[in-house]
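Peer 1: Got a structure for you, written out below as structure tokens; questions coming shortly.
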Amino acid sequence: MAEEEAGTPSLDNAGIGFALVTAAGLSTAIGAAVVYIKPMVRLERKPILAAGLGFSGGVMLYVSFIEIFTKSMDSFQNDGKSPKDAYFSATLCLFCGMLMLRLIALCVHKIDAGHHNTCAEGEAEQPIRSNMGTSDIHVEMDSGVVGQGAEGAATAPTDDAPTASSAKEGAGGAGGAGVKPEDRTAEKDKQLEQMGLNTAAAIAIHNFPEGLATFVATLADPRIGATLAVAIAIHNIPEGLCVALPIYYAKNNRHIAFLWALFSGISEPIGAFIGWAVVKATGDDMNQNIYGVLFGLVAGMMIMIVLLELLPTGYRYDPQDRYVTNSLVFGMLVMAASLCLFQL
């Protein structure tokens with residue numbers, strides 16, 4: 001009986017849901033805080049990032065297929081559908097959720113399209129677009145603009161030192177001939193700033209369904225919601241870094257860079273608020289059919305977040321796949337073990 005109650009969605013868990021979503025969204029601040037720690041700006045820890053993204057992907061895939069999809073079917077059955085119809089309905093909602101996330105990724109591409117042309121003049125252009133939706137926002141950490149520059153361009157500027165773009169001036173190449181050095185510097189700083197702002201907008205868009213997913217899962221089971229929140233928080237950390245670094249290099253202002261990265265995570269609580277509003281509008285005795293739809297959509301969204309963002313980004317940091325796949329399987333194993341323990 002207690003087990004059945006634990007799986008029943010309840011607005012009594014709304015406070016926990018908002019707290020978890022807010023904490024996950026604000027984890028972008030952890031990555032953004034790197035701008036205050038000069039030795040860490042060079043980011044020599046790609047294996048850790050790759051393993052963390054793989055682990056998060058494993059957790060989210062397992063919980064989406066095994067737990068959230070099952071809750072969708074159970075909700076449809078509680079609404080009076082036969083097991084066969086409940087399975088078909090949950091499957092349809094899952095793929096609708098995947099489609100919705102894909103459409104969001106296309107919006108991200110539209111917003112993000114301009115900042116991939118911001119590489120400093122004279123640097124080799126690399127095919128860094130993955131065509132995998134929101135994973136593009138992480139790539140700047142490996143490009144010549146921010147992150148680990150070959151000539152040390154990624155070192156943090158001091159408050160009274162030239163910005164990163166001026167440090168690259170000597171490598172500007174022939175493309176800058178006839179242009180005043182100060183003009184090229186201002187232009188590159190502007191490009192870096194625009195890239196950071198575009199990245200913040202892209203992250204804000206794709207964080208929205210993550211907040212919705214975590215909140216709805218928490219309504220049914222706070223333990224599952226907490227697991228999702230931790231997984232989302234892990235991959236939000238490098239996202240905060242992706243926003244903060246280019247703005248820091250362009251503006252030479254740690255506080256502005258940090259605040260923009262923090263802003264990019266605010267959309268997760270907004271997503272949770274939308275979920276709460278939908279549930280609240282239907283009353284405490286909300287039709288189980290609506291929960292079935294929500295859980296199905298959430299499962300599909302979470303799966304696509306892994307496929308479009310976490311795994312491609314993880315492989316970007318780990319092209320030899322020394323860590324990502326193993327970490328993904330380990331994440332699934334940890335999630336499976338925790339769910340088994342919950343059954344005892």
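Placement of Cβ uses the backbone N, Cα and C atoms for every residue, glycine included.
Pulled these from TrEMBL:
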TRANSMEM  16-36  transmembrane segment
TRANSMEM  48-66  transmembrane segment
TRANSMEM  86-108  transmembrane segment
REGION    149-186  region 'Disordered'
COMPBIAS  153-167  compositional bias 'Low complexity'
TRANSMEM  257-278  transmembrane segment
TRANSMEM  290-311  transmembrane segment
TRANSMEM  323-342  transmembrane segment
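Context for these features, please: burial, neighbours, distances.
Peer 2: Within its own chain, the transmembrane segment (16-36) has Cβ neighbours under 8 Å at 43, 156, 203, 207, 210-211, 214-216, 218-219, 222, 225-226, 228-230, 232-234, 236-245, 248, 254, 257-258, 260-262, 264-269, 271-273, 275-276, counting only residues six or more beyond its boundaries.
Within the chain carrying the transmembrane segment (48-66), a Cβ under 8 angstroms from the stretch's Cβ atoms is held by residues 217, 224, 227-228, 230-232, 234-235, 237-238, 298-300, 302-303, 305-306, 310-311, 313-315, 317-318, 323-336, 339, all 6 or more beyond its ends.
Among residues of the same chain six or more beyond the transmembrane segment (257-278), those with a C-beta under 8 A of the stretch's C-beta atoms are 11, 14, 17-18, 21-22, 24-29, 31-33, 35-36, 196-197, 199-201, 203-205, 207-216, 219, 232, 236, 239-241, 243-245, 247-248, 251, 290, 294.
With a cut-off of 8 Å between Cβ atoms, the residues of this chain six or more beyond the transmembrane segment (290-311) that come close are 9, 53-54, 56-57, 60-61, 63-65, 68-69, 71-76, 79, 86, 89-102, 105, 132-135, 206, 209-210, 212-213, 216-217, 220, 228, 235, 275, 278-279, 282, 324, 328.
Long-range contacts of the transmembrane segment (323-342) within the same chain, counting only residues at least 6 positions beyond its ends with a Cβ under 8 Å from a Cβ of the stretch, are 47, 50-59, 61-63, 66-67, 223, 227, 231, 311, 314-315.
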